[in-house]
Amino acid sequence: MSRYLLAIDQGTTSSRAIVFDDKGAQVAVAQQEFHQYFPKDGWVEHDAMEIWDSTLAVCRAALNNGKIKASDLAGIGITNQRETTVIWDRATGQPIHHAIVWQDRRTASWCTKLRQDGHESLVVDRTGLLIDPYFSATKIAWILDNVDGARQRAEAGELAFGTIDTWLLWNLTGGKHHRTDATNASRTALFNIHTQQWDPQLLKLFRVPAALLPEVFDSAAEYGLTEPECLGASVMIAGIAGDQHAALIGQACFEPGMAKSTYGTGCFLMLNTGQQALRSENRLLTTVAYRLNGKPCYAIEGSIFVAGAAMQWLRDGLRLISHARESAEHAATVGVNNPVYLVPAFTGLGAPHWDPNARGAILGLTRDTGIAEIVTAGLQSVCYQTKDLVRAIRNDGARLESLRVDGGMAVNDWVMQFLSDILNVPVDRPSVTETTALGAAYLAGLQTGVFDSLEQITSLWECEHQFRPDMAPGLRESLYAGWLDAVERVCNH
């Protein structure tokens, strides 16, 4: 029996493919960037055909790099940028418009009107999401209303909608299968996370014809066989999950109270709440963590707009550092008791503040303040914002006992220690940092028998380093109080 798994990791700026073995070890990788389109202010688009072409290219390259044949694969897992919306012609397979990306804000005014008309409570109750351009529903309606004849063709069943996973599945299987998984469906604002069905009332609210929608499967399932000409053999696509959900799986956060936080340009914190779909009273999102054997596991999620991007700004905008690794050296000279606060609200503040009008600020400056203090404040801002999320999660009644971290900033020991100190929980950094792709491989492996159980996957997770809290409670409280004061000033500017 073959023990290799191919993970497709289709992201916002690049498509990647990674081959893993049956121990979760990386065997080969390939990556290719693709174009971003910004036709108007606040609009972000992708060419869906370019996404497909780049994905196929990296799959072939990864197999070639690892000297592995497609016939050596037990299965394929797909993980993807969430919410991004593609609509295509079922007969020709051609998109009728560029894909509208999750970052796109073109439907903001309609979302505002829907909220003002009192519809948000329905959306929160059924989907766990807020009414926001971020999610797929209003993007779908925009395409139907702005491409000639699209709405009529959609109602006649001639068109198909999909998030990126569905689009890739359609192409990999030669147009035979129009399917998605429960995690991606849960990000559309059209899927009832309690009934695990597309919701007729939400379809009516957002004016989306049911004929457009894919069939919803478990996250580990037989989605369909690839066409032989794609990779050289027919391979079962056996797992699908949105990127943050796949990272939760890759981090083996399978028990309620387990959480992972991914530190890239921004930050996504997701906490497993088990069989309970916990409704947030603090404007966090409730989502499907994954669905296995027909049983959904739920999570609560908070997002920070600026994490690693704060260090990019200090490097490229202010030129205070020439490389991100210098930041830890500066922080070591300043220490944790830094009176300077950097609130990186460059595009407003995300969860739990949700203030689009907030703008960035550096507070606490004195004549003694130098580059080191400002750089350290940038690092600390990531940890303070994470504490904002954790506090909101706890206020919603969820437990958070430890935090597993991944992403670019997770390699910074100083930041991870300060994160543990300010949260007052252990912070665990895994040996394998490619957690998103690994999660997709795990799902495919569960379905194809490479992995027997979640317990086996849990046994494969290894901690490279655990950071434990080592800060006096009084200092922790005073530092965080200073942060809250800084945020209040920014929000009330």
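Just so you know, glycine gets a Cβ as well, placed from its N, Cα and C.
DSSP assigns R16 (ADP binding site) to a strand segment in the three-state reduction. Neighbour list (R16 (ADP binding site), Cβ cut-off 8 Å, at least 6 residues apart, same chain): I8, D9, Q10, V29, A30, Q31, Q32, V58, A437. Annotated ADP binding site per Swiss-Prot: T12, R16, T265, G308, G408, N412, in sequence order.
Counting only same-chain residues at least 6 apart in sequence, those with a Cβ under 8 Å from the Cβ of D243 (sn-glycerol 3-phosphate binding site) are D9, G11, T79, N80, Q81, R82, T436. Swiss-Prot lists T12, R82, E83, Y134, D243 with the feature sn-glycerol 3-phosphate binding site, giving sequence analysis as the kind of evidence.
As annotated by Swiss-Prot, ATP binding site applies to T12, T13, S14, T265, G308, Q312, G408. Just so you know, the Cβ of T13 (ATP binding site) picks up 11 other Cβ atoms within 10 Å once every protein chain is counted.
Around the Cβ of E83 (sn-glycerol 3-phosphate binding site), 25 further Cβ atoms fall within 10 Å across all displayed protein chains. Per Swiss-Prot, the feature glycerol binding site maps to R82, E83, Y134, D243, Q244; the stated evidence is sequence analysis.
The number of other Cβ atoms within 10 Å of the Cβ belonging to R82 (sn-glycerol 3-phosphate binding site), over all protein chains shown, comes to 25. Ranked by Cα separation from Q312 (ATP binding site), the binding-site residues T12, E83, Q244, G408 are led by G408. S14 (ATP binding site) counts 13 other C-beta atoms within 10 Å of its own C-beta, drawing on all protein chains shown. For N412 (ADP binding site), applying a Cβ distance below 8 Å and a minimum sequence separation of six or more within one chain yields A324, S327, A328, L379. Q244 (glycerol binding site) sits 16 Å from T13 (ATP binding site), taking the CA atoms of both as reference points. In this entry, ATP is bound by T12, T13, S14, T265, G308, Q312, G408, whose most widely separated C-alpha atoms sit 19 angstrom apart. Around G308 (ADP binding site), the same-chain residues six or more apart in sequence whose CB sits under 8 Å from its CB are Y263, G264, T265, G266, A324, V382, G407, G408, M409, listed in sequence order.
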